[in-house]
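Now, the feature entries from Swiss-Prot:
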type	residues	note
COMPBIAS	201-263	compositional bias 'Pro residues'
DOMAIN	267-289	domain 'Follistatin-like 1'
DOMAIN	335-359	domain 'Follistatin-like 2'
DOMAIN	400-423	domain 'Follistatin-like 3'
DOMAIN	430-452	domain 'Follistatin-like 4'
CARBOHYD	N47	N-linked glycosylation site
REGION	197-265	region 'Disordered'
REGION	297-320	region 'Disordered'
SIGNAL	1-19	signal peptide
Amino acid sequence: MRLLSVLLIGFLCLAGTYAQKYQLSPAYNDPYLTDDKTGTHDFWVQNASLPVFYGFHDWNFQDNSGIMEINGDEMHITGKIYPTVNMGDCHRYNVDLVFKKDKSGNVMPKKELRESAYVPHGPIDPATWKYYTFVQGKWTGFGCDPQNVVFSGAEGGMPLQLGYGANGKNGDNGISVWLIYGYTIVDINCNIRPIITQSPTQPPTQPPTYPPTQPPTQPPTQPPTYPPTYPPTYPPTYPPTYPPTHPPTYPPTYPPTQPPTQPPVQDCSTLECPEGFHCEIVNNRRTCVCDTTVPPTHPPTQSPTYPPTQPPTQPPTYPPTYPPTYPPTQPPRASCDNVRCPRGYHCECNHWENVARCVRNEEPTHRPKPPHHGCRPDSCARGEKCICVRGKIYCIPKTTCDQVRCPRKHHCECNRKGQVFCVPDCPKLTCKQVGCPENHECVSRRGELHCVYVRPPTGRWGDDLSDLGYNQASVEAAIDAYEAQRGQRPHNNIPSNNLHQENNDNLGDGFYDGVEIGFADGGFDVNDLNGF
């Protein structure tokens, strides 16, 4: 009895430390649940131009080496990855990521599928997802030119999410998380499939309590634990031919010398299966079996009908309006496990049509955008620039031309967006090389050339007299006095035969184009104005 208790306690301790393992595979893109064109990768790198990624965006686990092990509250992801675009490339990495179960209960799920895929419109329920926060992780390189990639955390502090539809690509059971390396993001999108391992066989919890069904045919192999009432004088010559009149009232104090003829009955009450699996007894052994039936997205509109227990005695008088009474058998769910595709192709499983096809690998043209950071126009003061590093906002001074030293024959310029550039110097021009428009002339001011407007001459007589050094007001007063003395009208009404001019210009417009003005009766010369 004590031995059985020790064995039972040891088995319970082993069951408490039993770890569940999952096989990781690339998450395919389901066009019925998402508009995203990417998919079928385990890891996707946002900035593949960094030297540690060798120019490759997509990385997958090699030879089904991706394993996710959950032991209590700790998750451990391991495996070997290679670039999917060039499978013959010699760059390889060993993956080692550690996560811890999040128990805060205030995590917002990252929904990357269409809104119609989630409840109440679709079958995916984010309330059933589990979350694991990042602890540590790295890629250790091997092969040619090995390098190491050490991750600093998760984008925005978002944890890894696990469940049906959590991979962000389809509705299967999977995981997804955005890890940070420097200033770039490494996206994980994987489907998971549990690896069924047989748990250790439980010893019998109680000794057998049933009495023997037949009398013993041979004497006991060991002496009884209690002394006999009197010593036997000789061994019996033949076994007794009749059974005992009544069974023993107490169990034996020692374990049976022979094993029981039947194994102990297994019970599913103590075996916990992962999501998507249930316990069944097969050949008297407990095992976790995959759920083959897909739960309906809406309740049935009618109650199911059952086949009749007896055949009808009379044929029906009218044809039935309902479908056959026997339920259709559920076809097996399509799987890519046994499908081998040629080079350059991969297997995709369409659960809506329940078929598995080999499709050509395509270079992804669209990448998921990382979550927007919190930088706003008013986050920093004037002259500072806002940046977001690992989910935190920092204000750094903007670069100006005072802080930039350009090479020889170059100078610094700053555009409207505050960006600073070193541009080559232009050769200096002279006014002889600049062509200005009409009525403009070239002028050099502070080392810069400008075309300025030059007012053309108006041709008025006052301007000509002023150019000769006469005062315009005095000249007009002298002309008015002279005309008043002669008793004549102003010059614009003088007949054209009473005056003459050197240039024979028309005086009807009221302006004197020439300098000399003469009259027929003796004349008036401009030199006579010296007395005024």
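Placement of Cβ uses the backbone N, Cα and C atoms for every residue, glycine included.
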Open item on the list: Over the span of the domain 'Follistatin-like 3' (400-423), how high is the average pLDDT in this prediction?
Closed with: 84
Task: Long-range Cβ environment of N47 (N-linked glycosylation site), under 8 Å and at least 6 residues apart - done: F53, Y183, T184
- [ ] List the helix, strand and coil residue totals of the domain 'Follistatin-like 2' (335-359) as derived from DSSP.
- [x] 0 helix, 11 strand, 14 coil
Task: the domain 'Follistatin-like 3' (400-423), counted residue by residue under DSSP: helix, strand, coil - done: 3 helix, 9 strand, 12 coil
